[in-house]
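> Attaching a single structure in structure tokens format; questions to follow.
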């Protein structure tokens, strides 16, 4: 036999029963526009024809080969074997690779997959496959027996065939660059589940009142504070998502307002069932949830890679604060000028504040105070300060000194106790770069 394709096919079929798809997959890179089922069917027919020719030309070994391989070749060999050697044909077992399940699993995966895509409002998807180890091992054994070098994996075939048939139903397309979901097909079990990618939105929030936390803070009696996350729950309801996560460019204290530029964030909705909601509608829902205490602006869709960029790029960016500071014994113009000269442009050495030591490691931070402008308030031992600082500088501790854990501090420079009694964030330097691609 002088055909490498037929030689490879015969080596495999002499040892293993193979369905048309699993045989044809050994030669998946030969020919164009054919399915593996068509390849396998064609190879089987030509192989039977070639062996039949050799028998007719007096090759007795060819008859033995044909009769021996016929159960593994299948129904296409029955009539020829029965004609050449009546009563010799024997039924073979199921396919050694897929167990005869491949066709039915592909068909059922398309049905269930399409239902899931529609249920989750998915237009762009990819297909993944979870393959039992025994199937992968059987496939490798057949490849070794055949010795063919033009095949593909059963995973690749399932991904392609399921994807192609789903696209043919309309309304969905395979998108490897930015899929909205992944359909996972189990083989040979046949189960299908969907991994829905989160919705991600660039947005900003403003906290217009104090005692509002950024994250939801549950207690047995209910939320400890109203939160930015809680205000966004109407967005979760609107999108039909399972959970909402706020990825903000830093955070302010619960008792601090966020004013001015607002704080940049990415809003993530996990496992949404409705994806194509206009930004204006999402923003309106969020602002309704904010109850006049928190305001939002939704800007554009975001990419997953930008979540990390928001956190990385904003960890030490500049921020501007307004602080109302009480000073023991009052404060004068001389005091505020002395503060400015001592602290403006200084690098502040700051150990983790004692108030957060229970949840953060005790480390030494070096953060710069870029500018400081304080004004005494008449009739009270108070001053109002506008500070521009490097991100990560704890302003309350910059004022109080935190028992010497922050140096220099307002209290150290003034030589008496100083306390920040109000704090507002009025500007956050931010334009996180777009993620690659």
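Each Cβ is built from the backbone N, Cα and C atoms, and glycine gets one as well.
Worth saying up front: this structure is predicted, and the values here are computed from it rather than measured.
As annotated in Swiss-Prot:
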{"type": "DOMAIN", "residues": "76-198", "note": "domain 'THUMP'"}
{"type": "ACT_SITE", "residues": "253", "note": "active site, nucleophile"}
{"type": "BINDING", "residues": "321, 394", "note": "substrate binding site"}
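Surface or core, plus neighbours and distances: that's what I need for these features.
Averaged across the domain 'THUMP' (76-198), pLDDT in this predicted model comes to 96.
Counting every protein chain shown, the Cβ of residue 253 (active site, nucleophile) has 18 other Cβ atoms within 10 Å.
Take the CB of residue 394 (substrate binding site) and look out to 10 A: across all protein chains shown you find 23 other CB atoms.
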> Could you tell me the C-alpha distance between residue 394 (substrate binding site) and residue 253 (active site, nucleophile) in angstrom, no decimals?
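Cα to Cα, residue 394 (substrate binding site) and residue 253 (active site, nucleophile) are separated by 10 Å.
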> Please work out the helix, strand and coil residue numbers for the domain 'THUMP' (76-198) from the DSSP assignment.
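Taking each residue of the domain 'THUMP' (76-198) in turn, the totals are 56 helix, 22 strand, 45 coil.
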> If you measure residue 253 (active site, nucleophile) to residue 321 (substrate binding site) at Cα, how many Å is it?
12
> Around residue 321 (substrate binding site), how many other C-beta atoms are within 10 angstroms of its C-beta?
21
